[in-house]
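Colleague: For reference, the structure I am asking about is given below.
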Amino acid sequence: MNIQEKEAVRLTQAWIPKKERIGVVAAIVIAVLLIIWELKGLLQLSSETLHSRQFEHTFKDFGSNARIALFFVLAYYALLLIMKQRVWDGLGHVKKGLAGLLRFARRWHTPMAIIAIAFIVLHTIAVFMYGFKFDFNNISGLLALLVLLPVPLSGLLRYRRLDRKWHLRSGLAFAVLFFIHAFL
Ligand code: HEM
Ligand code: HEM
């Protein structure tokens, strides 16, 4: 195919491939319901509860859940890197197993990212309800959130390979800031 033909194929493609659409739509529905449900609960809390130790657990739990979902999201990249190593060249069965894992991670990449974003939204709202302070945890969290903004947008472009590697770059920059925020 020449460049024009490739471009024509690309323009007729859907944004999200049909195979993946069910997972993505299901994840969006779950994410929206989760946010509405949890927000309803948060809005009913008294100001006393919002500033208590107990509420710290609430916003930390949202963060922890986001962290679990992000492991799935980033597993795709980690597996891509592992797959590329030449060590596996003579080991067909290992490569086959890795390819299976890679397919699994690829399948869940976008739906899990959507769920992670829902938990991040809740985590951020709850932190602000508790009280924003200018300390390492809050600033590193905000920085990670800022770098996260272009990630889903470039992810959408990535389906049509229109992202010019910005999904990879912003995704990895986010991963670094997220690790600093969530593990230090
Ligand atoms: C960008 C996405 C974010 C992710 C994935 C994330 C994730 C996490 C995780 C995993 C924890 C540790 C929870 C635990 O100890 O069990 C945490 C803690 C925390 N996060 Fe975030 N967070 C994000 C954004 C933010 C933002 C925007 C803020 C503030 C505006 C923030 C403020 C905090 C604070 C204050 C803590 C408590 C730290 C402590 O006292 O140990 N985070 N976050
Ligand atoms: C927390 C958010 C996310 C992070 C950290 C992240 C990170 C990454 C990384 C590092 C890659 C591999 C590099 C590459 O091939 O460009 C990738 C691939 C990809 N991501 Fe994401 N991503 C996130 C969310 C999303 C979202 C929301 C979408 C869709 C709207 C998406 C769509 C894709 C696509 C289509 C690929 C290429 C898969 C393939 O090779 O076939 N990502 N992502």
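Using the three backbone atoms N, Cα and C, a Cβ is placed for every residue, glycine included.
Found this in TrEMBL, in case it helps:
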TRANSMEM  21-39  transmembrane segment
TRANSMEM  66-83  transmembrane segment
TRANSMEM  112-132  transmembrane segment
TRANSMEM  138-159  transmembrane segment
TRANSMEM  166-183  transmembrane segment
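I would like each feature placed in context: is it buried or exposed, what are its neighbours, and how far apart are things?
Modeller: Under 8 Å from some Cβ of the transmembrane segment (21-39) lie the Cβ atoms of residues 14, 62, 107-108, 110-112, 114-115, 117-119, 121-122, 125, all in the same chain and six or more residues away from its ends.
Sequence-remote contacts of a segment are chain residues at least 6 beyond its ends whose Cβ falls under 8 Å from one of its Cβ atoms, and for the transmembrane segment (66-83) they are 95, 98-99, 101-102, 105-106, 108-109, 112-113, 115-116, 119-120, 123, 171-172, 175, 178, 182.
Beyond its flanks by at least six residues, the transmembrane segment (112-132) meets 24, 27-28, 30-32, 34-35, 38-39, 42, 45, 50-51, 55-56, 58-59, 62-63, 65-66, 69-70, 72-73, 138, 141, 145, 148, 151-152, 155 of its own chain at Cβ-Cβ distances under 8 Å.
Counting only same-chain residues 6+ beyond the ends of the transmembrane segment (138-159), those with a CB under 8 A from a CB of the stretch are 13, 15-17, 110, 113-114, 117, 120, 123-124, 127, 132, 166-167, 170-171, 173-174, 177-178, 180-181, 184.
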